[in-house]
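*Asks:* A single structure is presented below for examination.
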Amino acid sequence: MAGLARRINIPLTPTSPPGLVQADAVDPWSRAGRYGLGWTYLALAVVGVVVVVRVWHLWQDKIRQAIYKEAVEERYRGLYGGVQEEEEQEEQEEQEEQEDHQNLQREREHQEQQQQQQQEHHHHHHHHQHNQHFSLFPTASFRPRAHFSSVTWVNDTLALFRWVFYRPIPDVVWRKHRFTSSSLAVLACAALAVIMVTLYCFLQQPLYWQSIRFGSPPVAIRAGMMAVAMTPWIVATSMKANLLTLIVGIGPDRLNVIHRWLGYLCLLLVLVHMVPFYLQPVWRDGGMSVFDQLFPDGSGFIYGTGVACFVPLVWLCVGSLPWLRRKAFEAFAMLHAPAGAVYVGLLFWHTKNYLLSWSYLYATVAIWAACYLARFVFKLNWSRPGRLSFLVGDEASITLLADNAIKLTIPTQMRWRPGQYVYLRMPAVSLMGNHPFTIASLCSDDFPSDYGDSYRDCVLVFKPYHGFTQRLLQTAIANGPLHSYRAFLDGPYGGMRRELAAFDTCILIAGGSGITSLMSQLLNLVKRMRDGKAITRKVMVVWALKRFEAMDWFREELRICQESAPPESVVCKFFLTSAVRHRPFDDGPTMTMTMARDNEHNPRALNHMLHDKLDGFVAGIASKRNSALIVAEAQGDVERERELRAEDEDRITALPQQCYLQPHQPEPLPVRAPELAHLRQHGDLDKRRPVSTFGPPAGFDFGFPATPTEFQKSLMRFAFPIPHQMDGGWTIEYGRPQLGHMLRQWATGGSDGRGILGRRTAVFVCGPPSMREGVANTVARLQAAIWGDDELEELFLHTENFAL
């Protein structure tokens, strides 16, 4: 540090140049650490704003739910309070009648007859009120009106920000490549950060010393300190289990977007830090003499440590570009974290504890270690000694669903919330692969697992495309339906920041396999509505799917929603965008040749045998450990040991109902042409509703028709203008949904012009980019309806992406 002081803190003398005197007075080296603190203060301010908004929403949601709960309890007391008073009065009359019984026998008989009539009347009245209560619950009168948790000017301000920042930036399509931009809110934060660091670097003068002999250029020191100060935030936003998620309520999948932008900004600052040393190099103006005195044991490379840090940072930023990351995701996931560790380690070498540099690096290492420790202790399903999955993972079974989908069922002791996702690792498929999948099942006591009361079935539904999912499909076909696998789970992560149960109206929109992110939310919402714990009174579900067979993925869940939800509270609209009955390779030798051709173009990895042996080795460890536990439990009792082993066999084998392939759908019934319109009688138009002529497929018991052929689709479009209606207002239509028109109609339709929107409405969408963009634009425009309207308080939007 003394040598550095001799190099930077130039002693001022009467003969010192005026420029040096002015520069040292304006921007001395001893105060250069403030630039790193400036970035830290900006980041803390942004986090503080997010925390305030989160606390405000949490407070509002909890207050509304508490008021609703109080209204329900008051309604209960109102219904049963009168009955209780009548019963007390009845008991008092019985006591008086018993006292008069000894004196007046004749009057007693007469009074007993009257008492019997009164009891029948009271019992009938009590039964009537009891039924009336359940028929009225829940009703609109239960919904709380505006109260002190809602502040008009705050709601209008939030609506204004959402009117601006909910609008997405359209994707840029060049040839076959699609370039997706971040949200407008993220870009605004990135622009704010760029403006801040630019002004912090270049607004302060001077940018250079008069000579390199006087020290490093001040602009390079400013940029370098901010780049180092940014490192802890880059690491904190990259970790899966981190404290920042607990504070701001934003999941690691969304913080990862901030992580990428911080990396790009750090690269910009490093360039600003590096360029001045080449514009004013050390080998000019006699700078080498000072350099050799300060670093006599140098390696001969003047800027060697700086270049060593620059190379891994460039690789980290370029490798994280979306289009490149998608092409080689497994290589990216395997090399990104080690490269980041190398970069941080080289920063220790480069900065040499100048100013506050090592303080930021120590904070980076502490955050990294704490996050990995929290992930190992709380997020890995195989890291807890008290579980049977300790070090060997959980068992998993694979089911091939209709429309080329895969259903992975993992009975586990892990717990999760609706909408969360896990990282899946299966050694039998890929030893190093660790891929995210959304959990489609609900973790609730109402859905227990066959493995025991402490287990829940973690269900993952997805379509195979390439990479890990394609290899998983090939492995399932090769091993057959009765094979079980070892699954190592990492999670859960993510989820919604707010509860759908705190909104009056919920609109859930899914496209294709995006239904997996929506289904657990729907099941949880229906359950809470049924239990009287949700303010929600109306749920609209829109699912756009290519083929009708995709509905088989969640036919049981859809049946539960239709049967368990309060009457007319949940309405589902299904849109079939494409339907093909037969394909050239659906059966026979053609299909076999096609599969052989696919296997030829997509061969299994050469270490397939290694994966199978490793998976069998881990399964053998679990089996031996279970055997040891059984022997210890039996304590020498042969009969008891035999019973325990029988139970263990039933418990660890693959679930029977999850292992068989889905049955083929029967052949459709012949097409019956509808009655021609000009032959119909006008008097029958209002009485006769067009219905589908296609028979329901096997296994469906809630009124869904089979997938039509192309001819049937064309016929229905022209002959049946009314969609196929099902019980409870559920409909099936053909074509793409006009989501913008539907949302505007739901917002402004009806006799009162308010549609179905409540005081607070949540819109949840998960689908392709075009669907998300259209919904986001419409919701952004509808924010203007909140201004000046006391009946509308909030229109909240939550979007999910197919991939992280």
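Even glycines carry a Cβ here, placed using N, Cα and C.
Summarising the annotation, TrEMBL assigns compositional bias 'Acidic residues' to 84-99. The compositional bias 'Basic and acidic residues' annotation in TrEMBL covers 100-112. Residues or ranges marked as compositional bias 'Basic residues' by TrEMBL: 121-130. Taken from TrEMBL, the feature domain 'FAD-binding FR-type' covers 385-499. Look at TrEMBL and you will find 84-130 tagged as region 'Disordered'. Sequence annotations record features per position, and here TrEMBL assigns transmembrane segment to 39-59, 184-203, 223-249, 261-280, 300-324, 331-349, 355-378.
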*Asks:* Taking a Cβ cut-off under 8 Å, which residues six or more beyond the ends of the transmembrane segment (184-203) line up next to it in the same chain?
*Replies:* 35, 38-39, 42, 46, 164-169, 219, 222-223, 226, 257-258, 261-262, 265, 268-269, 272
*Asks:* Apart from its near flanks, which chain residues at least 6 from the ends of the transmembrane segment (39-59) lie with a Cβ under 8 angstroms of it?
*Replies:* 149, 154, 158, 189, 193, 196-197, 200, 226, 229-230, 233, 244, 247-250, 497-498
*Asks:* Could you tell me the mean pLDDT over the domain 'FAD-binding FR-type' (385-499), as a whole number?
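*Replies:* Mean pLDDT across the domain 'FAD-binding FR-type' (385-499) comes out at 90.
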*Asks:* For the domain 'FAD-binding FR-type' (385-499), DSSP counts of helix, strand and coil?
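*Replies:* Grouping H, G, I as helix and E, B as strand yields 12 helix, 47 strand, 56 coil.
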